[in-house]
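Below you'll find the structure, written out as structure tokens, and then a few comments.
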Amino acid sequence: MLGLGLISVAGHAKELHWLLSVFAGIIMCKIVYQLTGAISPLFFMGYVKLDDLKKLEWNNRGFSTFHALLVAAASLYLLLESDLFHDGARDDLMINRTSAFSDTILGISTGYFLADLAMIFYYFPALGGTEYVLHHGLSVFAIVQSLLSGQAQIYIFMVLFTESTTPFVNLRWYLDVAGQKNSQLYVCNGVALFFGWLVARILLFLLFFYHMFSHFDQIKKVYALGFYSLLTVPPVLALLNLVWFCKIAKGLIKTLRKARHSQ
């Protein structure tokens, strides 16, 4: 009886940890949103002249960038520096490994996606169209499953690392709004975005699928909904990334041609 009681207490403590992490993610978005609005006029005088929707998106992209930097750094640490997901590092299956830190990051990321999704729906389509709803919806679906089941976290963090391209996307939008499309920084950022997207959202997904194939004996041990989600959600996200990559490539070509003609 004592053992069952301790297991029950541990289970409730973990559930509370998840909920607090999700709440922390939502609060993080709120704080960074407010801070972005407060400090932006100090660096960009034109901020005060923006209309309400532009200010809304400006601040929204502030917490989007913060979340991207946070989860990209955490993902890089968990995948490369930590031994959490290294083959042979522990006795249990790689597919079942979790830690308090990984659970916290997934909870915070869930809070971010929920907060951003709520804003997208409320101001639809000002902050993004159907493709953003699909991307965020699939992300929440996958992260929550992994968080609650304690399985396949390695693949969630591989996908979360793709958020490392988000700061470049947001900087391009900021420079556009600030009237800096002809600046050298805009061109350099476009090039960085192209190669960053190629590595983090195209080539990394090839590595993702190869890793799944080479560890398919463990993938088959994931519970039914999680198993089929692993087989369907990543290909949809990869297709979205490919569509966006084509748009980025076309935009970069247009920018480089314009920059060459202006010299």
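Glycine too: its Cβ is placed from the backbone N, Cα and C atoms.
The model shown is predicted, which means the values in this text are computed figures rather than measured ones.
What TrEMBL records for 23-50, 62-80, 100-125, 187-210, 222-245 is transmembrane segment. Summarising the annotation, TrEMBL assigns domain 'TLC' to 53-257.
Touching of the transmembrane segment (100-125) and the transmembrane segment (23-50) is concluded from the presence of at least three CB pairs under 8 A, sequence neighbours closer than 6 excluded. Long-range Cβ contacts of the transmembrane segment (222-245) within its own chain (Cβ-Cβ under 8 Å, at least 6 residues beyond either end) map to 95, 131, 134-135, 138-139, 141-142, 145-146, 149, 151-152, 155, 159, 162, 197-198, 201-202, 205, 208-209, 212.
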